[in-house]
Amino acid sequence: MAAARALLRLLLPPLLLLVLPGPAGAVWPQPQAQHSPPGGGRCPLPPGQFRFAAADGSAVGPGCDVLDSAFQRYRALLFARPTENEPPWGTPCTQLLVYVAMPGCDGFPNLDSKESYKLIVSKGSMLLSAEAIWGVLRGLETFSQLVGRDENGTYYINETEIVDFPRFPHRGLLLDTSRHYLPLRAILETLDVMAYNKFNVFHWHIVDDPSFPYESSTFPELSKKGAFNAMTHVYTASDVRAVIDYARLRGIRVIPEFDTPGHTLSWGPGAPGLLTPCYVVQEPSGTYGPINPILNSTYEFVTSLFQEVSSVFPDFFLHLGGDEVDFTCWRSNPKIQAFMKEMDFGDDYKKLESLYIQRLLEIVSSLGKGYIVWQEVFDNDVVVRPDTIIHVWKENLLTPYKEEMANVTRAGYHALLSAPWYLNRISYGQDWMEAYRVEPLDFRGSPEQKALVIGGEACMWGEYVDVTNLTPRLWPRAGAVAERLWSNSTVRNMDDAYARLSEFRCTLLGRGVQAQPLYVGYCENEFGEV
Ligand SMILES: *[C@@H]1O[C@H](CO)[C@@H](O)[C@H](O)[C@H]1NC(C)=O
Ligand SMILES: *[C@@H]1O[C@H](CO)[C@@H](O)[C@H](O)[C@H]1NC(C)=O
Ligand SMILES: *[C@@H]1O[C@H](CO)[C@@H](O)[C@H](O)[C@H]1NC(C)=O
Ligand SMILES: *[C@@H]1O[C@H](CO)[C@@H](O)[C@H](O)[C@H]1NC(C)=O
Ligand SMILES: *[C@@H]1O[C@H](CO)[C@@H](O)[C@H](O)[C@H]1NC(C)=O
């Protein structure tokens, strides 16, 4: 035993030898302001009597599917464990009144959605008020994390007052369903945990080189020939609809990414003539490169595909990719060489790439959509609309992301940060801390520039991730990004974050999420126990 402990000492950094679970009733991500009266009271929540109800004058009430389904979900989450029938002490809190100022329930959340809320628990009354239904969702999550159980198993909540709102409006998570297919169920479960973390954007990197699982109604051959398995490893129209609806009920936007002109090998078999044939000496080699940018047929194809995508996905924004275009194949192709000469592009294949992206952006604009692109599009001086969002992902010595954030915002574009948040990368120890320490606005720039940063995204690329390890690799590590994007920038204390994140992870286990441990310790209820 002592030997084991000594060995443990050797293996683990002496940092943070906390083994106790964190404080009950701590909220992750931390609210903007919370006031709990010293020596304040608390009230029991008897599951049999407890209900959610619309407050007088609320602009939205029963019949709003977003609220009704949230009440159902949170009732199940709140009272998952067995309890006494009658609370043995105190005047019970029997209802949470919900007040919404702005009418509206039918739409989808968007970049401007109001997520702020206020929660007051005092002397037997509980009120959750919000500008819009999306704020109610965030407030319900907070409420659920405040509820504890006393030593006899009675549910209760402490008196408190919370005023809360997100620091950034775009708080995303990227999942890659091309390198490995993720079953629909895994995506839906991830959306649940995103909502627990107050994430509000699901960036669906749906297709890429390895496979094309999106079933297109316009071009059914794409998935027939490009999916790993056209019967089992595809997202049908009804699957996609299910993801969008499930996300909406949780206040999460779905932004699909159809990355071009690179990252498109899986498109080739189902779209003859779309990809560039590569040559060796003067002969086609039988392999293919990026989308062929010199053919009119390419733009006809792209127009039809994005017409479909624009109508399937309701969000204003599409992610158009534009990263990592390999020029080797374009360079080898005699027709492309001739085109380069004709256009006077010299040997600058970035100009050819720009020509393609330029036309793509015009097509997507004309469909009434906005777009997000990876940083290369900006780096290569492609002319983009002023409201374009540039997604910063590169993190190396030559292209430090802070400098890129400065450059992008100096040029007046909106920026989205992912470079330090590639959570598919793992290392021994508490690597959530590195993600947590990031400060998105820590770059050289004016206040106007900082105001152009709309948020960030945690990325889970799929090379080494499928349904077996997705959940433990994501959670609670992505929670570090969630808090960085939601809470005040001054919320940075590592010991406090460690205690709250450990506790939050225990909450996730209680909700059936296989979240991995941060470090040594235990949860009152381990995974699989009720
Ligand atoms: C309620 O407050 C007490 C006293 O501050 C604290 O010990 C306890 O952990 C709190 N419980 C919850 C669920 O917030
Ligand atoms: C728990 O139950 C015991 C035995 O009935 C009682 O003495 C104790 O006060 C209860 N604790 C609370 C917090 O109600
Ligand atoms: C491509 O389209 C342009 C403009 O519509 C037209 O001028 C050109 O002839 C077309 N090229 C081919 C090869 O069809
Ligand atoms: C930012 O812009 C400067 C000036 O144009 C340039 O020298 C630098 O390489 C850019 N940084 C990045 C990361 O692209
Ligand atoms: C963030 O916290 C600081 C320090 O407590 C405070 O001065 C500031 O007003 C807070 N920011 C917001 C947006 O509430």
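Any Cβ shown, glycine's included, is placed from N, Cα and C.
Feature annotation from TrEMBL assigns signal peptide to 1-26.
What TrEMBL records for 27-146 is domain 'Beta-hexosaminidase eukaryotic type N-terminal'. Here the domain 'Beta-hexosaminidase eukaryotic type N-terminal' (27-146) has a mean pLDDT of 94 out of 100.
Taken from TrEMBL, the feature disulfide bond applies to Cys64-Cys105 (among others). For the recorded site, Cys64 (disulfide bond), the DSSP three-state label reads coil.
Annotation source TrEMBL lists domain 'Glycoside hydrolase family 20 catalytic' at 168-488.
According to TrEMBL, the feature disulfide bond maps to Cys278-Cys329 (among others). For the recorded site, Cys278 (disulfide bond), the DSSP three-state label reads strand.
Listed in sequence order, Gly262, His263, Glu376 are the same-chain residues six or more apart from Glu324 (active site, proton donor) with CB atoms under 8 A from its CB. Per TrEMBL, active site, proton donor is recorded for Glu324.
Secondary structure at Cys506 (disulfide bond), taken from DSSP and collapsed to helix, strand or coil, is helix. Taken from TrEMBL, the feature disulfide bond applies to Cys506-Cys523 (among others).
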### Per DSSP, three-state class assigned to Glu324 (active site, proton donor)
coil
### Summary
Across the domain 'Beta-hexosaminidase eukaryotic type N-terminal' (27-146), DSSP labelling yields 28 helix, 28 strand, 64 coil
### Query
What are the non-local neighbours of Cys105 (disulfide bond), defined as same-chain residues 6+ apart in sequence with CB under 8 A from its CB?
Val60, Gly63, Cys64, Asp65, Val66, Leu67, Ile133
#### Entry: disulfide-bonded residues compared (Cys64, Cys278, Cys329) - the one with the fewest other Cβ atoms within 10 Å
Cys278
### Summary
For the disulfide-bonded residues listed (Cys506, Cys523), most other Cβ atoms within 10 Å of the Cβ sits at Cys506
### Message
Whole-number answer please: how many Å between the C-alpha atoms of Cys523 (disulfide bond) and Cys329 (disulfide bond)?
### Response
54
